[in-house]
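> According to Swiss-Prot, the feature active site, nucleophile maps to 266. According to Swiss-Prot, the feature compositional bias 'Low complexity' maps to 1-16, 895-915. Feature annotation from Swiss-Prot assigns compositional bias 'Acidic residues' to 597-624. As annotated by Swiss-Prot, compositional bias 'Polar residues' applies to 657-666, 676-697. Per Swiss-Prot, domain 'DUSP' is recorded for 28-133, and the stated evidence type is sequence analysis. Taken from Swiss-Prot, the feature N6-acetyllysine applies to 194, supported by similarity to another entry.
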């Protein structure tokens, strides 16, 4: 593709003479030059103004010249020379990746004009003029404008590279293309863009900026000229078959149009599809009634821009000519006014819906100047009178199609618990956020580790109260294991260490479903109490020595492995040798003890070392503390093993009860094989330090350090990881479906305010935790019900996947509305479902879709981004239902009568060619 450069900003400015002698005599003195240029640089940025780039080297030389104060100095800079900023002196393209302050300085137009008039511009260089543009939240000089490749539909091989500002309108691109390609004034033209995927998008709105149109440097823009016979030559364009949603021959049902996912924007698509299928709101935009009510001066609004963007979207989706559309213009408009929706992160469809309804209301508010309105005082007055006054006050400041369609009225009653003072207010609402009845129980999956080493750990599923404590978990597990709750310690194990050791009073809400929870059978306490005779429970880690990568260094690293242990040790018999023996006993299921043959084989050739050990009895106690314990001779060990094994449930090794093991003479004449050494460590399993047994009682974490060869020969990793499943593992907590009316009843029940949100009682003159009750007083034409599926607490976040059963027709609110009933108009309280926003997945990720009933056909459809398919009514109810849209029956009946009396014009019956469709056939 041939590219022809054309930079409309590159017109040369008449320059003064290049040398100092030809400078005009009107050049001011140096101080005045410095003041004029320096003051100009401090000028604030204003959108649309021109600034100019000056090469940093020339500017610094000029700066030194004027600061020197000598007008005849040799530092005279000469003509402005920006050659270092250009790639070459033919195309005059700006070099890439120039940095302000390092490569150039920016000057506003007045300062630039001064310098040019004083010093001139070298070699007929074009001035580097750039515009100030306004981006969301910031103004900046657009040093690198957008470069677009303009082509004609009749010649896709020859492209013109044209620079534009991101703040320029699409219409400027169109007019530039018409000028460059010599299009006659009477000829019709339109633009298309080719995106990175190769498909083409129609640039329908020519009044928006290139930034809002999401155009990028290097993007291909195609100008299409209408044929003389009135048709468009779109079919001849390269790549048209990549646009299945832009088919001029496609004539479908209005409203059955998908929305392309721009990247995690399914939440937006779902909210838009629901709102688009609210009949009275869509008719309001399709019939252009919104044009008469746009409020451009509302300081709380978006200058009408959000309403206009939504109107364009509705008109496209209800034109009947699109299978799907790309809502990038609307997305950019939302991000422009609500920074939380900038980018392409996942958000909540209900949050976007709330912003959209509020934004549309303010953009379409019929009240141009809001007056101050005092709050109603309902003390001692009839509810009917107070409610009517509250609604009238609301309408005096808020009057729009959104209020007409979606706003209702609450009655809020607060009662002081001390003096009984009652406060009644009536407040408007736009939607109901109703809680789901939460199950008071939860199922926890835990591993029970018995003291008997012959038994493998057991996997259990226990039912516990959601708001219970760790003690409730121990009681529930006790029914499965027959172990007393006070003989259990609950731990969160993560990465081979104890992440947390729980106290009995700790809340269960601190345990997440993904946590690995181990419950250990013990006979004592972890934190010793002075004077207590209880056993000490010692946390024990397993570590393997690994050679350092520096082979000239004798240092060995240590890596945790396996599951940590909690070992009960008698307080008055705590010793290294006793701890070693009890650990050997606890590990006996998956650790093989060395035999006499192993000892003999390993000690051959080392007799001299054994003799040294035997003779050095005077220093044996010191060695014991430094290197950890060794084993007893074969006879004594065997007796202790048998006693330990026969101790049964206590799991307590009798060797700890033998006073002789606490003396310094316990090592035998001949040392036996030592499988591991013991070290005191911190809770992370690090920070080794030599510690006496007495000190170990105050720093109870112990590590068993294994040599790699010892671990390989004697430690059975497969057996160590083994466990059995208890019969309760298959238990699943049954979740019964919930009726929508149960949620509404829960919404209207009395609740006590939380400590973080007290109420100020005008009678007590204090903040009180009052009781609060909400009642429905007046319902809107379209009632939006938000099911609060997402639960947040201090320790956890979860999504409730409870099935909420809701009626498609005849949802009767008469039992919830406390306003005196109009018996002659029962339809005022009955509603029919028209749309559902669904959420699939969990808290961190998920996907939004929509069920919606077409206002013209009455057929339900499933909208999944750009995919749309018809569905039966029995498919609508699911656990994914998140936001429900109900329409009052009297409104629906009135709309049906209006529609039947009118003759709709369908796309199929229209003979006028659609100017927004590109033929792909």
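Cβ atoms are placed via backbone N, Cα and C, with glycine included.
Explain the structural surroundings of these features, please.
Sequence-distant contacts (6 or more apart, same chain, Cβ under 8 Å) of residue 266 (active site, nucleophile) comprise 346, 847, 848, 849, 865.
Packing around residue 194 (N6-acetyllysine) is summarised by its Cβ count: 20 other Cβ atoms lie within 10 angstroms of its Cβ, all protein chains included.
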> Which of the three DSSP states, helix, strand or coil, fits residue 266 (active site, nucleophile)?
helix
> What three-state secondary structure does DSSP assign to residue 194 (N6-acetyllysine)?
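In three-state terms, residue 194 (N6-acetyllysine) counts as strand.
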> Over the domain 'DUSP' (28-133), what is the model's average pLDDT?
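Mean pLDDT, the domain 'DUSP' (28-133): 87.
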